[in-house]
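Student: The structure that follows is given in the form of structure tokens.
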Amino acid sequence: MTELPAPLSYFQNAQMSEDNHLSNTVRSQNDSREQHSSERRRRGNPEPLSNGRPQGSSHQVVEQDDEEDEELTLKYGAKHVIMLFVPVTLCMVVVVATIKSVSFYTRKDGQLIYTPFTEDTETVGQRALHSILNAAIMISVIVVMTILLVVLYKYRCYKVIHAWLIISSLLLLFLFSFIYLGEVFKTYNVAMDYITVALLIWNFGVVGMIAIHWKGPLRLQQAYLIMISALMALVFIKYLPEWTAWLILAVISVYDLVAVLCPKGPLRMLVETAQERNETLFPALIYSSTMVWLVNMAEGDPEAQRKVSKNSNYNAQSTESETQDPVTESDDGGFSEEWEAQRDSRLGPHHSTTETRAAVQELSSNILASEDPEERGVKLGLGDFIFYSVLVGKASATASGDWNTTIACFVAILIGLCLTLLLLAIFKKALPALPISITFGLVFYFATDYLVQPFMDQLAFHQFYI
């Protein structure tokens, strides 16, 4: 599941006070008023004033904001697409490099407990049936675990979710990393004592737990998330049978589509629940390109929403006090009738209407919503990293060492991811990241492995040049 960076400007001063916002709004209104008044004097065609400025200026400001949003979408959209391509590429490169060099992950030493049926059968029909049963069991486990996660999050069982994620991270960062490091040392014939290996694994795991579940530099957190995704993908590549793996990739794409887009889909319910609570998802589940908040999960900065709500409450209280206490209205606070007459002679009559107040409030909320640049960015689920890498790794392991098929799958996944982000920019809602990329990857794999590669072999055998 992917999210798009908010198409709003990145302000350097994210802690501007409310008075500064109001003063900036008034200053912009005065500039607009002076510009329009000069045009009217030049054309001799005056416009009615409302709240000291032309009535149509608010619409022009909104149109100008829309144009700036489109420009910033083009500017920052491509930047974040590249920022998402880099980690996906790194994860797939780690997996492919391991598959090509470490034979441990291509040997068939067993299967997962979720895939109990073997594919070493006498007939193709039995193998197909066993692969379908294995895929059904695996997808059922994924669906049940996803629903369990949504239920725990909906009922605020945060400690249970944290414990679940911490145990998973411990297994990946300590046990699977130890197995991976040991196999790499065996492959390259590196001699190392167990004490040194234990120190390496201890430091690697502890730093990873701190960076993922607590605090740490962004690049360090991203590196650990990429590494644990690659380790999980390698486990799937080793222990999933070939036909079962391809079938799981096809079915998981359909499930991802249903889970994200259906009104009662588990992932959509998770997003909507987080949006209602203005909460971020757990960092062990999501890769972020910046220190960000899921934009679709919170339609604005939570702090800004609190400020806006406080302003609205203040305005409501002021209105109520004005209606209930007419005596205080006689207290002009220094703004006498002479001052108002002098102001009207310079700026025109000051008439506050519902439309102008709404326009000013909208401008203030837009400024507040675009304050925090650290709350904008792209997020991609770690499951997407894992299944992208499983597809490329399986292609590398089962395509007879053919680099053409591996590269074709790699390019297909990036093309699908780019199209997904393009659709994300159009619809501006959370979209599943697996269907397009996995579909392209499967089509490219089978087309290259069974059509392109035999054709190229025949050309090379007969020494034909095209």
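Glycine is no exception: its Cβ is also placed from the backbone N, Cα and C atoms.
Residues or ranges marked as phosphoserine in Swiss-Prot (evidence: similarity to another entry): Ser50, Ser309, Ser330, Ser345, Ser370. Annotated phosphothreonine per Swiss-Prot: Thr328, in sequence order. The annotation region 'Required for interaction with CTNND2' is assigned in Swiss-Prot to 371-398. Annotation source Swiss-Prot lists region 'Interaction with MTCH1' at 463-466. Marked as topological domain 'Cytoplasmic' by Swiss-Prot: 1-81, 153-165, 216-219, 272-379, 428-431. Swiss-Prot lists 103-131, 189-193, 241-247, 401-406, 453-466 with the feature topological domain 'Lumenal'. Sequence annotations record features per position, and here Swiss-Prot assigns transmembrane segment to 82-102, 132-152, 166-188, 194-215, 220-240, 248-271, 380-400, 407-427, 432-452.
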Student: Considering only Cβ pairs under 8 Å, which range in 82-102, 132-152, 220-240 makes the most contacts with the transmembrane segment (166-188)?
Tutor: 220-240
Student: For the transmembrane segment (248-271) and the transmembrane segment (132-152), check the count of CB pairs under 8 Å (sequence separation 6 or more) and say whether it reaches 3 or more.
Tutor: yes
Student: Apart from its near flanks, which chain residues at least 6 from the ends of the topological domain 'Lumenal' (189-193) lie with a Cβ under 8 angstroms of it?
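Tutor: Beyond its ends, the topological domain 'Lumenal' (189-193) has no Cβ neighbours under 8 Å.
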Student: Near the transmembrane segment (132-152), which residues from the same chain, at least 6 beyond its ends, have a CB less than 8 A from one of its CBs?
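Tutor: Result: 112, 114-117, 160-161, 164, 241, 244, 247-248, 251-252, 255, 259, 266-267, 269-270, 273.
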Student: By DSSP, what is the split of the topological domain 'Lumenal' (453-466) into helix, strand and coil residues?
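Tutor: Helix/strand/coil tally for the topological domain 'Lumenal' (453-466): 10 helix, 0 strand, 4 coil.
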Student: Can you work out which residues elsewhere in the same chain, 6+ from the ends of the topological domain 'Cytoplasmic' (153-165), have a Cβ less than 8 Å from its Cβ atoms?
Tutor: 213, 269-270, 273-274, 282, 284-285
Student: Please give the sequence-distant neighbours of the topological domain 'Lumenal' (241-247): residues at least 6 beyond its ends with Cβ less than 8 Å from one of its Cβ atoms.
Tutor: 111, 115, 118-119, 127-128, 130-132, 134-135, 138, 390, 394, 398, 442
Student: Would you kindly list the residues that approach the topological domain 'Lumenal' (103-131) from elsewhere in its chain, counting only those six or more residues past its ends and only Cβ-Cβ distances under 8 Å?
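Tutor: Distant contacts of the topological domain 'Lumenal' (103-131): 137-138, 141, 183, 186-187, 234, 237-244, 247, 393, 397.
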